[in-house]
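Student: Below is the structure I would like to discuss, written out as C-alpha cells.
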Amino acid sequence: MADESAFRNFSLLIPKVVIEKHVETWLKEDTPSFDYGGFVVGSSVEKAVLLCKSDGVLAGVPFFNAIFEKLDCKVEWQNNEGDPIKAVSVIGTVTGPVNKILLGERVALNCISRASGIATKSRSLTNLKEQYQWHGEIAGTRKTTPGFRVVEKYALEVGGVSTHRYDLSTMIMLKDNHIWSTGNITRAVKNARRVGGFSMKIEVECRSLEEALEAAHAGAEIVMLDNFEPQALHTTAKTLKGKCAGVIIEASGGINDSSIAQYFGPHVDVISLGCLTQGYKPVNFSLKI
C-alpha cells in the first residue's frame, strides 16, 4: 500500500530529467557567456537566507532545489511544499560557492515566486469552493507561459486545483474554430473519435443548449458551456444533465475569482479559469547572504 505521505510529495509528479532539462535552459538563458558578477565576488563558501516577504502558499521547491543542485549548492527548507507562508519569515537557506549562489539566485526566485503566486490563488479558490460546499472541480487552462508550462501546471496541483489538459495531445478539445472549419459538431466529433479512439476523451465548446445536445449525442464526453451568464448556465446544465446524464459539464469563459461562486451549482462539474495562470500576483521572495 502506498505511503499516505507520498500524496503530499508533489515532487514525485515531475521526472528529474524533465526538471533538469528546464533548469539547463533557464541558466543558459540568464548567463549565455561570461559571469562577470561571479568574477567579482569569488568562490568562497557562503550561506544565503531565503526570505518570504509576502503571504502566500509555497510552491516550486523541486525547481528551486534543482537549480542550486546544478550549481553545486545545498538547499535546506524550514517549510514544506504547499505550506502557508507569512511575511516576513525565513523559509530556507542556500549554502555553496558565493558565485554560484548568485548565478542561480534570480532564476530560482523567479520560479518559486511565480509558482507560489499561482498556488496561492488556486488555494484561495479551493477554500471558497469548500466554503460553498460545491463538489465539482476548479481547473486551470492552457493559457500558460511558453517554456514555463511545467512550473505553472505543477503550481496548480500544489494549490489544489485541476490542471485540465496539459497540452493538445492530452485530450481532444474541439473549439469554435474546429467546428467552423469542419462544418458541424457531429462531423468534428466523428473525425476526432476516428483518430483518438476509445482512450481519448473529447470535449466540445458550445454556445447554446442545441450545440451542447448535439455534442453529447455525437459522443463527446465533456461539454464546455462557454461564456454563459450564471443563470443561463445553470438552466442549460440542468436540461443537458436531464437528457444526457453521463456527460461532464464544464463552465468557462470570463470567470474570475470575484464571480466564480455564481457558477457553483449541482449540474456543473468543472469550472475552468485562465486567470489562475494569467491573473495571479507573484509571492515576493529574496535571497540575502
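Even glycines carry a Cβ here, placed using N, Cα and C.
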Student: Lys153, Lys175, Lys241: which one does Swiss-Prot list with Arg106, Arg142, Lys143, His164, Arg165, Glu205, Asp226, Ser252, Gly253, Gly254, Gly274 for the quinolinate site?
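Tutor: Swiss-Prot names Lys175 for this quinolinate site.
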Student: According to Swiss-Prot, which listed range is region 'Important for hexamer formation': 12-16, 37-41, 147-151?
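Tutor: Region 'Important for hexamer formation', as annotated by Swiss-Prot, spans 12-16.
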Student: Using a 10 Å cut-off, grab the number of neighbouring Cβ atoms around the Cβ of Gly254 (quinolinate binding site), all chains included.
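Tutor: Taking every protein chain into account, the count is 13.
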Student: Sequence gap of 6 or more, C-beta under 8 Å: which same-chain residues meet both conditions with respect to Lys143 (quinolinate binding site)?
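Tutor: Lys143 (quinolinate binding site) has long-range Cβ partners Gly274, Thr277, Gln278.
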Student: Counting Cβ atoms within 10 Å across all protein chains shown, which of the binding-site residues Arg106, Arg165 comes out on top?
Tutor: Arg165
Student: Helix, strand, coil residue numbers for the region 'Important for hexamer formation' (12-16) per DSSP?
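Tutor: Going by DSSP assignments, the region 'Important for hexamer formation' (12-16) contains 3 helix, 0 strand, 2 coil.
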